[in-house]
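Here's the structure, in structure tokens; my notes come after.
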Amino acid sequence: MFELINKVKEINPLVIHYTNEVTINDCANITLALGASPLMSYSNEEVEEVVSIASSVVINIGTMNSSRLDLFVKAGKAANKFNKPVILDPVGVFATKTRTDFTNKLLNEIKFDVVKGNVAEIKFIGGLDVRGQGVDSFDDGEDISEVIKKIAKKIGCIVVATGKIDFISDGNTVIKIFNGTSKLKSVTGTGCMTGSLIGSYLGAYNNLEGRERDNFKKVEAVAMGVLTMAVSGELADKDNISIGTFKEELMNNVYEMNIDKLKEYGRIE
Amino acid sequence: MFELINKVKEINPLVIHYTNEVTINDCANITLALGASPLMSYSNEEVEEVVSIASSVVINIGTMNSSRLDLFVKAGKAANKFNKPVILDPVGVFATKTRTDFTNKLLNEIKFDVVKGNVAEIKFIGGLDVRGQGVDSFDDGEDISEVIKKIAKKIGCIVVATGKIDFISDGNTVIKIFNGTSKLKSVTGTGCMTGSLIGSYLGAYNNLEGRERDNFKKVEAVAMGVLTMAVSGELADKDNISIGTFKEELMNNVYEMNIDKLKEYGRIE
Amino acid sequence: MFELINKVKEINPLVIHYTNEVTINDCANITLALGASPLMSYSNEEVEEVVSIASSVVINIGTMNSSRLDLFVKAGKAANKFNKPVILDPVGVFATKTRTDFTNKLLNEIKFDVVKGNVAEIKFIGGLDVRGQGVDSFDDGEDISEVIKKIAKKIGCIVVATGKIDFISDGNTVIKIFNGTSKLKSVTGTGCMTGSLIGSYLGAYNNLEGRERDNFKKVEAVAMGVLTMAVSGELADKDNISIGTFKEELMNNVYEMNIDKLKEYGRIE
């Protein structure tokens, strides 16, 4: 599945983002760093046009901007209409009833290919009790393989839960990623950026010709997005590095990521 | 009062930002760097929900986004309703009548705990003549202790005026901070980020239990936000450093700030 | 014409941006790095006030935010009313009919001083066939001097087309800039930031007294913005530098740019 990183660079998929204002610049830059093309739009008028030319669509509710809720629904529906892979990042879904209701609306009206959140967000969507504060979550590193498999079956799409261990499941198999560093929680938007990476891989995967696509599973394309962030973060976190430099090194490592590094450093089950 | 930096890291206060789109990412990152949790929301629907779980609320009018003026008023009122400390940053209040009028509206309808601006913004709010250009201000480093004390009394809250010397007053005492570097004016948003730091300290202060809180004064919590920025900027400004690297080092220094450094480098009166 | 960089630092022009949310922070920081003052506003209420005090106005349609299209038109008209130089960056004009139509509307209702895009965007505006993906463009480095001269005549303003070679034309002369690095395409917003630099130079140029202004041509002021970005990018791109560090070095190099460096490294025809 590591081969997929070269496919991103060859295919240069166009990843449309409907996202929050906090991390929008970092999401654009990490998409470029991996070798894909970002397009950010806040236009109601061009939704169908941009989605129709997209390789994938990322929807991220981070700031819950009142004037964009309808746009996000419209974008998701357009993705379904044009058969484009669409990823949901339900940031802070447990934090307010407003976020919970809007996430449910999105899940009801749109068929997502991936729902990606931190462990608390995904558990909450699965109907479990969570402890969180604002949009951050507590995570004790427990193995939630069975839980996430059930949630993936229930929602009917691939589910990603990031944390000390990252879990990716399509309802049948579970991929666990043990890479990472706690510093990823001290930079805003590393979760959002993971969504951009997933969008990039999934966009490339979707553009593969039938026979070539059979070499990979869709769940692997999704896992590659998570793995690229986790390994890049781990490699960026050197002795005594401080957080501003870590953020720069994270971007550096995504830009320089390749098959050899993924093979050498990736810890997957 | 330096102890308060450890309280931020222990308590991990949730700082809700209603802020501008220019510096929103930096504000989130500096809040995380200090050890607090940022939440940025542009949602009318969830105002009461997010403010009710907040430790503090920061309102920053930087881009004067037409579609958010009502939201900012609503957020301030919610902060008063739920007894949450609320900070106003009236960016460029002297630049346009629109900004002046909106700032007056906010000051009339909301009881702020802190009003923070640069020297020119604060003087203007106090009814004095100022020279400014756009949202930037001229500052000759004069001692405005008496002026700021009067303004704090007039508005009835703690007032912060940043510049060559930073002044913090609750109407009775004035704290002066002599740290800093002129490079802080060459990075956009260092003023906004100071607001985030004040919000973090004030959120932690407000969450202290009664007896522990008596060890500190509220005006000290506010001063700690200003001091953390000023000392971090000073330490970041090394020989021949250029501005991109300075911004990274500023974030590094906030992340690594501690009691010992504040004691060693802080120059306060 | 290299003298103009000192004029920017002396005059400190106020550059008002009506721009996208993706690169707004970088645009503010690069404006400061060059020695000008940025002001970003999303307020319908203060358009005339801020434009009347501006040295120049930059309009960038990057995210095509539905709620700001009217604001952008209003801002352009105010610039014409108050005789302020106004620059258009029609990001991705070829990507959707929505962008094409809106760009045409702007070009019809506003008299721009500069239209700046990448080679594909400018060719498209000139009525030529282009291949592009999203807001990115293909560019084979061909000499489009004659094409751009015609487009400048047709639109009736200075036209900038950035790419492997950058072209600047007022319809009579064409300035070609051979500096740069392919890494500028791997950082989001280097095009937008070039718009900010052009705004800074043009704002300074416009504020020069009659006799001093006669020492320079307007098209040179525009070229200086493009040249500053191209040379800064070239100097930032050292052996084995990765993309996060490159972005920081780009900002460093703009901050440290001066006449001597422009003379030594600038390759212009």
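All positions are counted from 1 along the displayed chain.
For all residues, glycine too, the Cβ spot is worked out from N, Cα and C.
The substrate binding site annotation in TrEMBL covers C:Met40, C:Gly189. Per TrEMBL, ATP binding site is recorded for C:Lys116, C:Thr162.
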Go through the binding-site residues C:Met40, C:Lys116, C:Thr162, C:Gly189 for me and flag any whose C-beta is under 8 angstroms from a C-beta on chain A.
C:Gly189
For a quick check of packing: other C-beta atoms within 10 Å of the C-beta of C:Gly189 (substrate binding site), how many?
25
Do the binding-site residues C:Met40, C:Thr162, C:Gly189 include any whose Cβ comes within less than 8 Å of a Cβ in chain B, and which?
C:Met40
Quick check for the class: what is the C-alpha distance, in angstrom and rounded, between C:Thr162 (ATP binding site) and C:Gly189 (substrate binding site)?
13
For C:Lys116 (ATP binding site) and C:Met40 (substrate binding site), determine the Cα separation and express it in whole Å.
19
Tell me, by DSSP, whether C:Met40 (substrate binding site) is helix, strand or coil?
strand
Chain-internal residues near C:Met40 (substrate binding site), provided their CB is under 8 angstroms and they sit 6+ positions away:
C:Ile16, C:His17, C:Thr19, C:Ile24, C:Cys27, C:Ala28
With DSSP assignments reduced to helix, strand and coil, which class does C:Lys116 (ATP binding site) get?
strand
Reduced to three states, what secondary structure does DSSP give C:Thr162 (ATP binding site)?
strand
